[in-house]
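*Asks:* Can you read through this structure? Questions will come right after.
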């Protein structure tokens, strides 16, 4: 029996057409591009046996990766990292021991609370994640552009994300949801000061820092442990914009930060950052007025100075965003010998949820995707943190000692210039005015603890904004 375009001959009297098919065109791969579905006659029904149609539609449906639950909008770049100062005294990780040693890196910048249409200049936390491809394995350093977080325990992260998300009723931004977060968690007050200052609005990814926020551990060859925080600093200098410019750019060029990064590299201009660390003896936790493993806190740079470690140069744009950037899978559990976890509650929670999220988004074999692949990887390759430590205590659920929710917020506020203080108060007031009265009252009480002057200024500004709301 003759075939008709790969199927059975279904029309009586039909014969094979010896002329070149009119419904296909040659492609670069040598395959024919089919332009029509297989039907019974010219206008007949489409056949279920048309595997070309089925595969064409299935390929389209499954061609896109599931979006990230967080940090949805992002941009990537590639380059290399090299060590400038040996850290052999503090860690046995070879990555940080040999000055001049280069390793390839992949970086993804992102907006934490976002979708693909979120303006780059919106008030947001910027993600700054780096994947180091070393001879010892892959090391993922996951940072944010702000050095503090909203809460100090991973069990609260889901609730934080809920408050930062659009309303489940109409999928629209809801100011009450955001401000009830700051009312509910006094520990988020330090983040409020950072987030609503001009530090929360960014124009260029080439001018933002990156901070690990969480505290890690470095282990040297002698078995000595040090707490460590990582920091990236742009060689071009740190720069931010105010709310008015951010809103204007959101209308004029909502993708300005991603375009700026891509265009700069495309023109042959490298984007560079310096890696620094802060190191602390774990015994210092006994004498500090706060818990150094608290992600709502920063470490005093005069007591724990920034130590330069190396530099990163981004000089290559992605050639395929879907494969090289969208499928980048970061995980804080990707460590190297000499780099370990601390007992930081947020970090401890993140160590397993990241891999769960990647399996959900990219499938169980996400580690085999080229941009994530580590040769000869197996679970046995993963670093076990804390080997040799003796830990004993009562199992419980409890607040950490010395929570102190307001001192560092006050210190940050007092470090601002008069213009920066004015912008902070105005930024807070313009948003808080849309929250419910009880939420406004609680947030203002928290601000009183930071600075009575700040609280009074916000209250006055809210009165001005309230007179125009609804007009």
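Each residue, glycine too, has its Cβ placed from N, Cα and C.
Heads up, TrEMBL stuff is auto-annotated, nobody curated it.
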*Asks:* Examine the ranges 1-30, 31-60 and name the one recorded by TrEMBL as region 'Disordered'.
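*Replies:* Spelled out, TrEMBL records region 'Disordered' over residues 1-30, not the other listed ranges.
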*Asks:* Cβ distance under 8 Å to residue 144 (active site), same chain, sequence separation 6 or more: which residues?
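*Replies:* Long-range Cβ contacts: 112, 125, 126, 127, 128, 210, 211, 213.
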*Asks:* Whole-number Å only: compute the distance from the Cα of residue 71 (active site) to the Cα of residue 354 (heme binding site).
*Replies:* 12
*Asks:* Validating a neighbour-count step here. Other CB atoms within 10 A of the CB of residue 71 (active site): how many?
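*Replies:* That number is 22.
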